[in-house]
Amino acid sequence: MSDILKIGKYEFTSRLIVGSGKYPDFQTTRDATLASGAEMITVAVRRVNIMDPNEENLMDYFKDTDVKILPNSAGCTTAEEAITLFRLVREATGIDIIKLEVIGDTAKTLYPDVMETLKACEVLAKEDFTIMAYTNDDPIMAKRLENAGAHAVMPLAAPIGSGLGVQNRYNVVFVKDAVNVPVIVDAGIGTASDAAVAMELGADGVLTNTAIAQAKNPIAMAEAMKHAVIAGRMAYKAGRIPKKPYATASSPLEGLIEF
């Protein structure tokens, strides 16, 4: 049975999105991405070349694949910077699906500036971009981003690169309940079990970069993430049993042999 992830006009069979940072070279980036089964790889346009054909270009490593490049605005601290960047990206590459992130704290937490993100979202939506908006795990802001035109919201699990996993499970559920667009848990994933937890909570997908790129064996971790996302999604759809404080016998008490 198909289980398609729809983000705006785009459809994906994989619910795992990977990043492109912190790899030693583009070939390793390619190998890990293909091992993950992901159909999108996000790229910090201000740090990784996808626009200059005269320099080594990450897009060249994925031309023979079905992996879609997802430009992001990492490094931007204002709405204006992000808007300008994405206009340049679309002009140079034709890519119109984007990961919008505007960072408020560049020193320690890399938390998003949600008000600047919201301003950028309003403008870019009017220009027909397909917007995936990185935000905090706040259902109110998630709904505002949806109303502003975001096609997916991406609440953080924990600070970017921290590897802490999902720190507030209830907020993931609250965000999921608040919006009618896909919820992609982004940032803070440390290992495969973190991805599975996010999916079990009802997230529509997971984005991870550091957990794969900085693993001792990135290819093996990419494969682990692939299976974790699938397992978490299957468990969510299957429906977990309720948690109870006391035991419940798994075998019936009726018909016991009397001694």
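Here the Cβ of each residue, glycine as well, is placed from N, Cα and C on the backbone.
Look at Swiss-Prot and you will find Lys99 tagged as active site, schiff-base intermediate with DXP. In sequence order, Thr42, Leu70, Pro71, Asn72, Ser73, Met132, Ala133, Tyr134, Met154 are the residues of the chain that are 6 or more apart from Lys99 (active site, schiff-base intermediate with DXP) and have a CB within less than 8 Å of its CB.
Cβ neighbour count for Gly188 (1-deoxy-D-xylulose 5-phosphate binding site): 23 (other Cβ atoms within 10 Å of its Cβ, all protein chains included). In the three-state DSSP classification, Gly188 (1-deoxy-D-xylulose 5-phosphate binding site) falls within coil. Annotation source Swiss-Prot lists 1-deoxy-D-xylulose 5-phosphate binding site at Gly161, Ala187, Gly188, Asn209, Thr210.
For the recorded 1-deoxy-D-xylulose 5-phosphate site, residues Gly161, Ala187, Gly188, Asn209, Thr210 set the reference point as the centre of their Cβ atoms, and the other residues of that chain within 8 Å of it by Cβ are Gly19, Ala158, Pro159, Ile160, Ser162, Gly163, Ile189, Thr208, Ala211. DSSP assigns Asn209 (1-deoxy-D-xylulose 5-phosphate binding site) to coil, not to a helix or a strand. In sequence order, Gly19, Gly21, Lys22, Ile160, Gly161, Gly163, Ile189 are the residues of the chain that are 6 or more apart from Thr210 (1-deoxy-D-xylulose 5-phosphate binding site) and have a CB within less than 8 Å of its CB. According to its DSSP assignment, Gly161 (1-deoxy-D-xylulose 5-phosphate binding site) is coil.
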